[in-house]
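**Q** Positions annotated as active site, proton acceptor by Swiss-Prot: 21. According to Swiss-Prot, the feature active site, nucleophile maps to 24. If you look up Swiss-Prot, you'll see 74 marked as active site, proton donor. The feature domain 'ASCH' is assigned by Swiss-Prot to 6-101.
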């Protein structure tokens, strides 16, 4: 069995599969992904594989520069997005946006 390259919380699986979530915002530990990378995707909770994605773009962002567009790409409101990112990465301000599409 191949290992997964990236994981998402299970609550995001349906949005990813339906194309409603098209970016992920990560910290420096996952800043190495590049445009064109093809990644196996698993659930964070059990590492179960659920799809393959292709990275279509990467960029950097801070909590202060998150926009409504980022929130739309995450399928949530900007307020929700800022809270989710702050909860997952407490005390951090610099992040890496990974845009993707399901294959």
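Heads up, the Cβ atoms here are built off N, Cα and C, so glycines get one too.
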**Q** Can you check which residues sit near the residue listed as 'active site, proton acceptor', meaning Cβ under 8 Å from its Cβ, same chain, 6 or more apart in sequence, and list them in order?
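**A** For the residue listed as 'active site, proton acceptor', the qualifying residues are 12, 15, 73, 74, 75.
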**Q** Work out, from DSSP, the number of helix, strand and coil residues along the domain 'ASCH' (6-101).
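**A** Counting residues by DSSP class gives 31 helix, 35 strand, 30 coil.
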**Q** On average, what pLDDT score does this prediction assign to the domain 'ASCH' (6-101)?
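**A** Per the prediction, mean pLDDT sits at 97 for the domain 'ASCH' (6-101).
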**Q** Within 10 Å of the Cβ of the residue listed as 'active site, proton donor', how many other Cβ atoms can you find? Include all protein chains, please.
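**A** Counting Cβ neighbours of the residue listed as 'active site, proton donor' within 10 Å gives 23.
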